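Here's the structure, in C-alpha cells; my notes come after.
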C-alpha cells in the first residue's frame, strides 16, 4: 500500500474509534503494544552506558581524546618544570640568589598543591570538559603574562597562579579520558596518557637547547623591556595549551558525567556523533536509542547528588576518615612515600640544568666540589661591580633531555615487569637502587659516571605510578578518590619542599643533598615493605 494512503487509513480509523468512545484523549496507548498488534513499531531496547560504548567502538574520536588528555597531563609538567631550565639564563636579568631559585622552582608546585582539592570538586559538579577548558585558558593567560615579569617576585607570583590553573588539568584529565572507555581499554589508555608526562621531560630541555642559547645572538625589545630568550622559552612552553583549548572546543562533555546528571538524551546524541566518527556511518543509524544506569552508575549518580548538595563540606566528610583508624596508617605511609619520591626526583631535577651548567666546565672534579666553586664565584661576582658572568652551555639541555628518555624507558620497563615481580617488590627494589645511586654521587669524580648516577637517582620519579597502583588497593572504594588526591597533593608539596631544601644546601653543604635524599629513599624502602593491602 502507498504510504500516504496507509497514513490516511490510520487517521480515519483513529477518528472512528474516537467517535465510538468519546474519550479517546484520555486513553494512554503503549507504543510497544501498537508494535505488537500491527508490526509498525518495535519496543525501544535500553542499553547500559558500557554496552553503548561497546557499540560506539574505538576509532578517530578516541585517538583525538587520548592526544588532548595526554597534552593536558603534559601541560602540568611543562608549566611546573620549565622554570628549572631558565633559572641560569634569568639569573642576571632578575638577580637571582640560590634562595630565589628555590622559591621560583617550587612556585608552580605550590599552586598545584593548594588548588587540587577544589578542582577535583569542581570537576564532579561542573563537568570534566568545562573544568579543563577553564583551567587550560587560565593557565595560558597567566603563563603568557609571566613572561613579562620585571622582578623575581612578580615571576614567582605569576608561576604560582599558573600552578593553580594547571592543577585543574591534573585533577580532571584521567577521569575525562576514562569515562569514554570501557573496562577492556581503560587501564591501557590511561597508561598511554601518563607517558605524555615523560615526553614532556624530553621536549622541555630539547626546546631549551634550541631557544635559550640564542640569547647571545638576539637582542629583542618588547614594550620597552628586553625580552630575553628565556622569556620566549616560557612563551613557547605554553603553546600546548592552545592545542588543548582547540581540541576541547571540538570534544564533547563526558558521557558518564551527563548520564549521572540525568541528561540521557544528550548522552545518546553525544555517543551517536562519536559513532559517526569512529564507524564512518551516519549518526541516525546509531542503534542505541535509550541508555539506562546500571547499579554502579546509579550509586555514582547518587554520590554526585550528595556531593552537590553538601558542597565543600563533602571534602571534609571524605577527608576526616582518612586520618582515623584503620585508614590513618595507610594514609601516612603512602603520603610519606609520595613526598619522598617527588622531593627527590622533581626537587633535584629542577636544579639539574643549573648545576650542570657549571659542572660541564670542571669535569675532573667531584660534583659537590664544583658546586662549592660555583657558589664562591657567584658570591665574588656580586661583591664587586663586574658584569654578570653567566654563560649557558647548550649541552646541558641535551644531557637533561637524555635523562627524560631514561624516565620514559623506566615507565615502559615498569609496565612490562610490574605484574611479574609484584607492585610492592618493584617499588622497594627501585627505592634501594635509586637511594644507593644518590649516595654514590659523593664518591665519584668521573663526569659521565656522575651523570649516570644522577639520572638513576632522579628516575625514582617513575615510582609515583607504582605507588599509586598500590595505594588504590589500600583504601575502600568510597574513600579511594579523595585518598589519591591527598597523596598526590602531598607528593607535589614534596617537590616544592625538595627544591627549597636543595637551594639551602647548595649554599651551605652540598654533600647533605645526596646524604639526605639518598638516605630518605632507603628509608622509604623500609616503609614500603610494611605496606599491606586491605
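Just so it is clear, glycine is given a Cβ too, placed from its N, Cα and C backbone atoms.
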Per TrEMBL, the range holding transmembrane segment, considering 189-212, 261-284: 189-212
Listed range which TrEMBL flags as transmembrane segment, given the options 232-251, 292-311, 312-331: 232-251
CB contact flag for the transmembrane segment (232-251) and the transmembrane segment (449-470), at least three pairs under 8 A: no
Recorded stretch that, among 64-90, 131-148, 334-352, 512-531, has the most CB pairs under 8 Å to the transmembrane segment (482-506): 334-352
Recorded stretches the transmembrane segment (425-443) and the transmembrane segment (512-531) touching, at least 3 CB pairs under 8 Å: yes
Which of 102-122, 390-413, 449-470 contacts the transmembrane segment (64-90) most, counting Cβ pairs under 8 Å: 102-122
For the domain 'Major facilitator superfamily (MFS) profile' (64-534), the mean pLDDT of the predicted model: 88
